[in-house]
Amino acid sequence: MSVVDQLPGGIPNRGEVNPDAPIMLECVDLKKSFGGVPVLKGVSLKLEQGTITALSGENGAGKSTMMKIASGQYRPDEGRVLVRGEELPAGNPNAAHALGVAIVPQELASVLDTTVYENIFLGRERRRFGFLDRRRMIREATELLDDFGVDIPATARMGSLPVGLRQIVEIVKATSTGARVLLLDEPTSAIAEREVARLIGIMRRLRDRGVSLLFTTHKMEEIRAIADRVVVLRDGGLVTDAPLSTLTDDDIVTAMIGRELEDLFPERPEVRDETVLTIDELVVAPSGAPVSLSVKRGEIVGLAGLVGAGRTELIESIFGTRPVLSGTVTINGEKLRPGNPAASIAAGVALVPEDRKGAGAVLSMNILQNGTLPRLGQFSTFGWLKGRSRTAAVAKSMESVRLRSRGLDQEMETLSGGNQQKVVFARWLTADVNVLLLDEPTRGVDVGARSEIYRIITSLAADGMAVIMASSDLPEILSLSHRALVLRGQAVVGELDRDDLDDPGVQDRIFRLASGMTSHTKGATHD
Amino acid sequence: MTDTKTPAPAGQGTGAASAGAASVAPTGVRRFSGRWFGDLAIRYAMVIVMLLIIAFFLYRSARFGTPENLTTILIAAAPFALIALGQTLVILTGGIDLSVGSVIAVAAVYGSITAKAFPDNVWLAVVTGMVVGLIAGSINGFVVSVIKVPPFIATLGMLTAASGFAYVAGNGAPITGLPASFSSIANTQILGLTLPVILMIVGILGFAVIMRRTAYGMRVYAVGGNPVAAQIAGVKVGRTLFSVYAISGVLAGLSGVMLASRVTLGAPNLGQGYELDAIAAVVIGGASLLGGRGSIWGTALGLLLIQTLNNGLDILTVPAYWQDVIKGALIVTAVAVDVWSTKRRP
């Protein structure tokens, strides 16, 4: 008999609050600061047995911190966590585990070289006479997987599975150790659409067995699909906690961003009649189709699509950090040398990459050094760094994005996410930029800094830059860009002009294009 | 040594930086307070430890403080200094060069052979040693930056292979009967200091300036701090990596010839184990083995600390094995203090 069968029933109907349902997890007035910056400002929350709660909010709202406290990874500054009435010792993940609280983190911690069954039984291996009883582990793992309707062999290597299935293995592992409260941090952020459906099925199945689930998301369709209850955090405070049935989409969005969408986005700049960037039949992946595109001064072109659709690849190929298979990129009539970032930079191309901490900035260096790095040639004479003129130029560009810092010698590491992103923008502005390539420019940036970054983007476009912006945030694409391309499978599958983007049904249309559902495309695939 | 601990004169110039319009420059004199003193103590922990050690040896031994002994310390430090400088660059990129000890040996042997063949042009021996070092370093650099073998493995291979070459070249025996002109190289006196000591001082000053004041220095720090970000900023990461191993090799080659000249012997076991003292000096100086953090001044200080300790313990006739125990403890303590103080920073 598998462990899952032993879970108690007790299934409340969807959307209704059952006053008799036992409270599985209760957070009381949680407060937490990092380096003096409050991330949670007193949040309370109750999870009932057999319910799915969506923990929603913008990036930086405090969702992940909340989960890490509830699972014992972080110690709250104030407040406490109760699991079925029993107080969780602060900052003790093992105690949380023993009380039946399991977390499936955003970055999965699976050991990729192990098999599925080894991973499921990691830390509680079945033994026989002191030796591993592999046959028993494989048998039990197979039962558990069958129970969830997951059709993968228990002996498959974790590394050979797609991320979505690895995640499901982690969920199976968590629940098979007797988890009654399951915390899922951004479970759908890195997985394919088909896998999302499977994940949702498994979450429902767990709920029906009486497990309480809390998952973070900022996607409306997921909230609509599975949540019984919606909790919205904004800037570390709780702004909404209500059954889904009592909320409209607008209620949730307004709660998340704290203002109407229009206030967040500045006016689009005027497009000038002068083409800066021409991409001709660029092929970036063996499976991809050639992409052609031209962008004028002042124009912002959005790139929409799912994770893995090829947006990042396209941007990196234009910039030169990724090899190009065929095709050309031309800036102001001059062909770019492919695969050579230094040449692209000299031609006035700038890249603000997706993974800010991993790719955008050198965190161990200070603001001045990061501001110098992309234009070392300009800032040195025969290899010797310039003094005053360099400092002045970097200071001026940092001022232009209204960077808040203690000085140019402040280390990047000690800046907030929003300010780091401003440095990553501003370090290009010490010389003329013709083409600005942005990859997820506001990921991990809080709402306040986000609207500032939108203002920076539009003012740079207004100054005459051609902007290409890849984003998973649809409102960002819809509100900022003059045109948007939808990518799927390394190819452009749709191009939407301003009128298309203003159409009320555009979100649905982009989603269908991006996911490859063609039933209602209204003939939008004009490459 | 983390950036904040770098003494200001060699740094980017805090004053110049905060003169930028975007910054809020803290003006006025900082008040003397307990907190301030504590921060200062951490920032200059290594200097304070060094002063304490010097004070202890001065108190225990009349010989320690003599000018002759100071010269002895500097002469002993010189061969380590050159390889520690190269090692600093390599470690700043997040790598490590385990081969420098063997490169010293192979350069010493080939330098000695050249000196015997051309006793009238002994400077050829110096050039030979440096070229041998350049070849070894370039192979390291190529294997690391192009073939992308982890630096630890690549230079471990070179450590073994170069040592083998050193024995092959002399058929397993040291090169003896070296001309007096060769041994006079290391004894050349300039301003009362021998040539290796001069090279050490010039090397430290030169590299301190290069690492702080040139585009090259900034590239090395950037590649170590974040290779992906460096690439996006247009830095040629592979070229930079190659260069630090090549430089490390040349310096090891130079160090090897000087050492052979000083001892008048082209022994294939010269420099054995020196790489560990060089790495220790860099790490005691506050560099992170993950790259991106560290400084030439830190390495110089770490180097002098180790050499002072060696010398003082010798004078006090502490047995060699106990000296190793003390040195080992010092390395771990130094890094522990650095980790702890880094955590304390805002």
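Placed from the backbone N, Cα and C atoms, the Cβ positions cover glycine too.
What TrEMBL records for this protein:
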{"type": "TRANSMEM", "residues": "B:41-59", "note": "transmembrane segment"}
{"type": "TRANSMEM", "residues": "B:71-92", "note": "transmembrane segment"}
{"type": "TRANSMEM", "residues": "B:98-115", "note": "transmembrane segment"}
{"type": "TRANSMEM", "residues": "B:122-143", "note": "transmembrane segment"}
{"type": "TRANSMEM", "residues": "B:149-169", "note": "transmembrane segment"}
{"type": "TRANSMEM", "residues": "B:190-211", "note": "transmembrane segment"}
{"type": "TRANSMEM", "residues": "B:244-265", "note": "transmembrane segment"}
{"type": "TRANSMEM", "residues": "B:277-300", "note": "transmembrane segment"}
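When Cβ-Cβ distances below 8 Å are used as the criterion, the transmembrane segment (B:122-143) is approached by residues 86, 97, 99, 103, 106-108, 110-115, 149, 151, 154-155, 157-158, 162, 179, 181-182, 184-185, 241-254, 256-257, 260-261 of the same chain, each at least six residues removed from its ends. For the transmembrane segment (B:149-169), same-chain residues at least 6 beyond its ends with a Cβ under 8 Å from one of its own Cβ atoms are 90, 95-99, 101-103, 105-106, 108-110, 113, 136, 139-140, 143, 245, 268-269, 272, 275. Using a cut-off of 8 Å between Cβ atoms, the transmembrane segment (B:190-211) and the transmembrane segment (B:41-59) share fewer than three residue pairs, counting only pairs 6 or more apart in sequence. The stretch in closest packing with the transmembrane segment (B:41-59), judged by the count of Cβ pairs under 8 Å and taken from B:71-92, B:98-115, B:244-265, B:277-300, is B:277-300. The stretch with the most CB contacts under 8 Å to the transmembrane segment (B:98-115), chosen from B:71-92, B:244-265, B:277-300, is B:244-265.
For the transmembrane segment (B:244-265), same-chain residues at least 6 beyond its ends with a Cβ under 8 Å from one of its own Cβ atoms are 75, 78-80, 82-83, 85-87, 89-90, 92-93, 95, 97, 99-101, 103-109, 111-112, 115, 125-126, 128-138, 140-141, 144-145, 151, 155, 174-176, 178, 182-187, 195-196, 199, 203, 220, 271.
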